[in-house]
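A.B. asks: Pasting a structure here, questions to come.
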């Protein structure tokens, strides 16, 4: 074996030891190194390959030490053209990404390469993507509400500033739209910094998101990191860590409050499952990797608030076949401060966001944190909706006429509440033709208190559809009466 000197990703040059490829199985590559020169776990290795039309550098991440100077690595790019005997050099450090203001307004891949401006950030500061979570004595003990202006969220499943929020739902119920709405609201209302991680989702969605953010003028405050559906599992497994590293810099060095959006955390788990099988690990329940809980914990424990600064994470979580007992969503539940469950039946009723008010939860929905009035109104809304749910079987079999008079009143009130929990989104303006509404929390509590007391039972149910505040409801009712 020979020693070589290699460029260290634009961060200066370092002595790098050369190994050689001994086996290639899809994205998993075994590499042999000289005795005493075996690279550390998570180090990035570089392999130069030449295809008929182009020469390129593959990045391999060390995943296992096999013994006899062999390491098993996972490739971050397709391994087409990689053959046994190809020289591999150790960079001496983990995969590193650019950090700081330079990443705002740009699109990166999991390796930290800028996709819209090639080479951007490589001559500046870079951080490795494998980092330890903040020390226990550095964590923030204070609990604050993150006000979103979305009624159903602020009232029934309030988000924690510096917390972890899960958006659960099957395919097509509105997870990505809700994330796009949150990015827009945070940028417009709070002038905050956002980092978006596209993990294993459709390339088209990434393009749409970039164009929409550009149109709305919020791109300059957001860093986008993509490892999409067509990427190898190694990239999909690491892209969330790359985005989180950028967010940590804004929190720890610049002292900013950051929002980290991950779409979709299920694809992170799925990529880990693919890699685990190729690495020869025995599968666990439903075919998932045996290290599922550890991998999820390593990611989630880094998303937290430190003294005076926070990373608030909003994670879209695809639920396979709408089965919440699947190990992927079930493992994520343990780390979350709030869960927003998107319901297909509510979506089919045309109520957006299609949040299920009865199954969505928040650990801060208690009087000591949100206040006695907020807690009382939220519980009254849930009580009315729960009673309506219990009566639905009777209504379906016998009809409304068989209900007692007080139950008829309650059903009408519940339907008004159900419709009033929806509202127009800013990102949907071009589709609906209606301006998006931002409702202050104080107004939300007062409005639902009045609706629960029956002050608006005389207005038609349809007047409550996609309205912001009660003024919008009354205006819609007058318009309907005029027709």
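Cβ coordinates come from backbone N, Cα and C, glycine included.
Positions annotated as ATP binding site by Swiss-Prot: 169, 170, 171, 172, 173, 174, 175, 176.
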A.B. asks: Among the binding-site residues listed here, 171, 173, which has the most company in the form of other Cβ atoms within 10 Å of its Cβ?
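C.D. replies: It comes out as 173.
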A.B. asks: Count the other Cβ atoms sitting within 10 Å of the Cβ of residue 175 (ATP binding site), across every protein chain shown.
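C.D. replies: Here the count is 27.
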A.B. asks: I need the least crowded one of these binding-site residues (169, 170), counting other C-beta atoms within 10 angstroms of each C-beta.
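C.D. replies: Checked 169, 170; of these binding-site residues, fewest Cβ neighbours within 10 Å: 170.
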A.B. asks: What residue among the binding-site residues 172, 174 has the most other CB atoms lying within 10 A of its CB?
C.D. replies: 174
A.B. asks: Counting every protein chain present, what is the number of Cβ atoms, excluding its own, within 10 Å of the Cβ of residue 176 (ATP binding site)?
C.D. replies: 21
A.B. asks: Could you name the residues, excluding 169, 170, 171, 172, 173, 174, 175, 176, of the same chain that surround the ATP site, i.e. Cβ within 8 Å of the Cβ centre of those residues, in sequence order?
C.D. replies: 318, 342, 347
